[in-house]
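**Q** The following block contains the structure, expressed as structure tokens.
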Amino acid sequence: MYRGRFAPTPSGPLHLGSLVAAVGSYLDAKAHQGEWLVRIEDVDKPRAIPGAADTILTQLESHGLEWDGSVLYQSQRDSTYQSQLDQLQKAELLYQCDCSRQAIRARNDHYDGYCRNRQPRTPPYALRFVNNAPITEFNDRAQGLLPDHSPSVSEDFVLKRRDGLYAYQLAVVVDDIEQGVTDIVRGSDLITPSYWQLTLWQYFTGKQPRMMHLPLVTNDKGLKLSKQNHAPSIESRYASNNLLTALDYLGIQLEPELHTGSVNDILQEALQSWRKKWHILGC
């Protein structure tokens, strides 16, 4: 069974770029008659803004994006992530690294495995994954084969940070696997970390999810809309217009009579268009 997800970081309310990712992942799940989960990715606790998660969930509901099951919060799953690290430690696939970003940049443009054979290190240190079998290409449903043979893809990447927080790469893969996610639909800004994540998927399960990376929404300077770039929050009172704008970025234009329709009417029509656009048959 198809199972997709939308996994926002609660560093602020949803903006248009995040709505595009939410709508795309929602439509793809429903077009396959699958489930659409919502996960709050607050593993990076200092970035989480109090109340932002509730705001995001309210925004999703006001735009007709109803999720299946319970919302998962990464901040409540430290013991699960530590258990996975313990397994990797027993398999001798982790090592300590106390290199600062400045030290890494001074040596190379990527991490060069400097600490792999230099244990033990002095705290604070990160824990890096021994990346002996890196995934360097994958088939993307929207963009085709995406190869990347740059050294950074094959480097030993961090699974626990020097500040003691669990790394996003670990948390997102552990959660996707545990939740039974089969398809990941998200923005193209996340193509680069996909290689590390698929490497972990391959190690933990021997298989990989299907991937689909959507177009990014950019501002007038060509920069990706993001909370760091002060992208404005979407307003729920304009939910129908917001959906139509998001659909336009996804390559879906609806009939003019739907421009004044309800969010449910818009999503139902968009669902049919999504099936045709991506040749989803038999659903």
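Don't overthink the numbers, they just go from 1 along the chain as shown.
Just so it is clear, glycine is given a Cβ too, placed from its N, Cα and C backbone atoms.
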**Q** Pick from 8-18, 74-84: which range does TrEMBL record as motif ''HIGH' region'?
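**A** It is 8-18 that TrEMBL describes as motif ''HIGH' region'.
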**Q** Please state which member of Arg141, Arg186 TrEMBL lists alongside Arg5, Phe6, Ala7, Pro8, Thr9, Glu41, Tyr168 for binding L-glutamate.
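**A** Answer per TrEMBL: Arg186.
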**Q** Determine which residues of the chain contact the motif ''HIGH' region' (8-18) at the Cβ level, with the cut-off under 8 Å and only residues 6 or more beyond its ends counted.
**A** 40-42, 44, 47-49, 52-53, 55-56, 59-60, 187, 216-217, 224-227, 231-234, 242, 245-246, 249
**Q** 10 Å Cβ neighbour count around Cys97 (Zn(2+) binding site)?
**A** 22
**Q** Report, in whole Å, the straight Cα-to-Cα distance of Cys99 (Zn(2+) binding site) from Tyr168 (L-glutamate binding site).
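**A** Rounded to the nearest whole number, the Cα-Cα distance is 19 Å.
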